[in-house]
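Note sheet for the following structure.
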Amino acid sequence: MKKILHIISSPRGAASLSIQLGNAIIKQLIGKYPGSIVHENNLVNEQFPHLEEAQIASFFTPAQSRTPENILAAKHSDDAIDEIREADIIVIGAPVYNFGIPSALKAWIDHIVRSGVTFKYDQNGAAGLINGKKIYIAMASGGIYSDGPMKPFDFVEPYLKHIFSFIGISDITVFRVEGSAIPGVQDTALEKGISSIHLN
Ligand SMILES: Cc1cc2nc3c(=O)[nH]c(=O)nc-3n(C[C@H](O)[C@H](O)[C@H](O)COP(=O)(O)O)c2cc1C
C-alpha cells in the first residue's frame, strides 16, 4: 500500500494526454501496491499564486519569528510541502508548453522548492531535504523529443529531473505521450505511451 500524489497541470480534463498517461501509471501502481491511496492536486482548478513579496518575505523569516501575515503568506507552500512529505510516490503530469512546463506547474514548483525546508546550503553546497520518494513524470508533447532532431530541445525532462533532485528526490522515471501533433504518429501516440509504462 502506497500513498500516491497525482499532480495535474493540464487544463484539458478528460482529453488531456498527460492526465491519461498519469492515470495509466497510477492504475499500474495500484495493481502493484493494492490498497494504495491516491490524492489528486489539480493545479489548474486550485491555482498556486505567482510568488510575491509577501511569500518571499515569509519564506526567509525563521519559523519562530513569523507574524500571522507571514504564516498566511506561506500557507500554499506549507500545504504543498506537507502533501509531498505525506506521499510515497508522486505522479506529475507535464504537458510541454513552449518548450517548457505550464506556468501552473512552475508556480507549484516555486512554492515547494524552499530554502531551509526542502533544501539547504551548507559547507558542501546544496543538499535536498526530502528523502525516500519516487517520482513518475507523465509528459505529453505535440512533437517528439525522446529521440531525433528535436531531442536537443527537450528542456522539460532535464529541468524536472534537476529540480526534484535538488530537493532530494532523484528516483525519477519519465514516460511520454509524444508526437500528438504529427500526422502518422498522433493516432498511436497515447497507446504507445501507455504501453511504455514499466514500473521499477
Ligand atoms: C500553449 C501550448 C503550447 C505548446 N507548446 C508545445 C511545444 O513547445 N512543443 C510541443 O511539442 N508541443 C507543444 N504543445 C502541444 C502539447 O504539448 C500537447 O498538446 C500535449 O498533449 C498537451 O498536454 P495535455 O494533452 O495533457 O493537455 C503546446 C500546446 C499548447 C496548448
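In case you wondered, yes, glycine gets a Cβ from its N, Cα and C as well.
As given in TrEMBL:
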- 2-192: domain 'Flavodoxin-like fold' (DOMAIN)
- SER10, SER16, LEU17, SER18: FMN binding site (BINDING)
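Shown here: features listed in TrEMBL, placed on the structure.
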residue: SER10; record: FMN binding site; Cβ neighbours (10 Å): 24
residue: SER16; record: FMN binding site; Cβ neighbours (10 Å): 21
residue: LEU17; record: FMN binding site; Cβ neighbours (10 Å): 24
residue: SER18; record: FMN binding site; Cβ neighbours (10 Å): 29
Worksheet, complete the sentence: Residues lining the FMN site besides SER10, SER16, LEU17, SER18 (CB within 8 A of their CB center) are ARG12, ALA15, ILE19, GLN20, LEU21, GLY22, GLY93, PRO95, ALA138, ALA140, VAL177
Fill in: pLDDT averaged over every residue in the domain 'Flavodoxin-like fold' (2-192)
97
